[in-house]
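Colleague: Have a look at the structure that comes next, please.
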Amino acid sequence: MERSHLPETPFDLAHSGPRFQAQSSGNGSVLDNVLPDMAHLVNPYWSRFAPMDPMMSKILGLFTLAIMIISCCGNGVVVYIFGGTKSLRTPANLLVLNLAFSDFCMMASQSPVMIINFYYETWVLGPLWCDIYAGCGSLFGCVSIWSMCMIAFDRYNVIVKGINGTPMTIKTSIMKILFIWMMAVFWTVMPLIGWSAYVPEGNLTACSIDYMTRMWNPRSYLITYSLFVYYTPLFLICYSYWFIIAAVAAHEKAMREQAKKMNVKSLRSSEDCDKSAEGKLAKVALTTISLWFMAWTPYLVICYFGLFKIDGLTPLTTIWGATFAKTSAVYNPIVYGISHPKYRIVLKEKCPMCVFGNTDEPKPDAPASDTETTSEADSKA
């Protein structure tokens, strides 16, 4: 695939970063301090923009450092707890473990590289590391998104289908994880062998798939990639949680009607919605889908802006979109790990200071069959 070529510049690291005075002069282009070995990868579109304010680079660097620490600690603890506790190594929790592992690898592979480039205010690691960085972002991002999808579908299978559903076994869970990684590897390798390419983004401190070149090759990749790595898992997540909430709402309604027939106020010890299975599942569903949208949709919109030649795309918007997408690695351990009651119990045993609030599971006064069904739904939430 033909790429844009720019003339080599007399740029060197000694005059980059905070010491590069031309950055603050208000003159020149963002491409003025691109390294010669990266010049042929940069799209000429970005030449119209002035260099990013050095203060913004510092802010982005500190923000990236903060989310890296939070994410690596949070996901590291989830991997340690779920992987090191035999009672938690269930088929469903293997998917949670896979999600935490991919999120950990995402931040461990992306954040240090971004911080280095934020300091120098350009990509200083060469074309090879551009491919490695962008490839890791694509690989672990795809694994995380599809892990979330498989988790949602597992909840759908247990809560909606119930005894009519096929229980997931360790073997089934491992097969799903292998499928996720094989698909992610496929989409990661394609730009390396000619279907699209990995190139620097507008601010020159990060690399991603090429969404600026006006050719069918990169366009076809981005459209197909977004179909399989965004729209398909999004549809499956929404589909699963829609029927989960509907099923639990029907169960709650049946319990209330049964309570009326028995001439009691409730079959539960409390009608507090926050403590009911319906309330918990609704919160998890809303949180999951909302955070998923918040993290990834802005970056997809940025890619489509470039794909369809829409004005308004700037180096600053591209880097904030890329950085914000990575915050999904911070949300996931909270949604999928800390909300897990048994996880909180084990975490309190191994690290009491890491747990806030009560870790005791509620014990409603209900018939055994109702309690068992509700507890199963709660644990899946």
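Cβ from N, Cα, C; glycine included.
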Colleague: With reference to Swiss-Prot, specify which of the listed residues Cys72, Cys207, Cys238, Cys273 is paired with Cys130 by a disulfide.
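Modeller: Of the candidates Cys72, Cys207, Cys238, Cys273, the one Swiss-Prot pairs with Cys130 is Cys207.
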Colleague: Check for me whether Swiss-Prot puts Asn157 and His251 on a single side of the membrane.
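Modeller: Judging by the topology that Swiss-Prot records, the two residues are on the same membrane side.
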Colleague: Where does Swiss-Prot put N-linked glycosylation site, among Asn27, Asn164?
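Modeller: Among Asn27, Asn164, the residue Swiss-Prot annotates as N-linked glycosylation site is Asn27.
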Colleague: Roughly how many angstrom lie between the C-alpha atoms of Lys326 (N6-(retinylidene)lysine) and Cys130 (disulfide bond)?
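Modeller: Cα-Cα, rounded: 17 Å.
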Colleague: Between the stretches 57-81, 173-196, 315-339, which wins on the count of C-beta pairs under 8 angstroms to the transmembrane segment (94-119)?
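Modeller: Of the candidates 57-81, 173-196, 315-339, 57-81 scores highest.
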Colleague: Using all protein chains in view, find how many other C-beta atoms are within 10 Å of the C-beta of Cys130 (disulfide bond).
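Modeller: Taking every protein chain into account, the count is 22.
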Colleague: Within the same chain, where does the transmembrane segment (134-153) have neighbours whose Cβ lies under 8 angstroms from its own Cβ atoms, ignoring anything closer than 6 residues to its ends? I mean 6 or more beyond.
Modeller: 92, 95-96, 98-99, 102-103, 105-106, 109-110, 176-177, 180-181, 183-185, 187-189, 191-192, 198, 207-209, 229-230, 232-233, 236-237, 240-241, 288, 292, 296, 325-326, 328-329, 332, 336
Colleague: Any idea what DSSP makes of Cys207 (disulfide bond), helix, strand or coil?
Modeller: strand
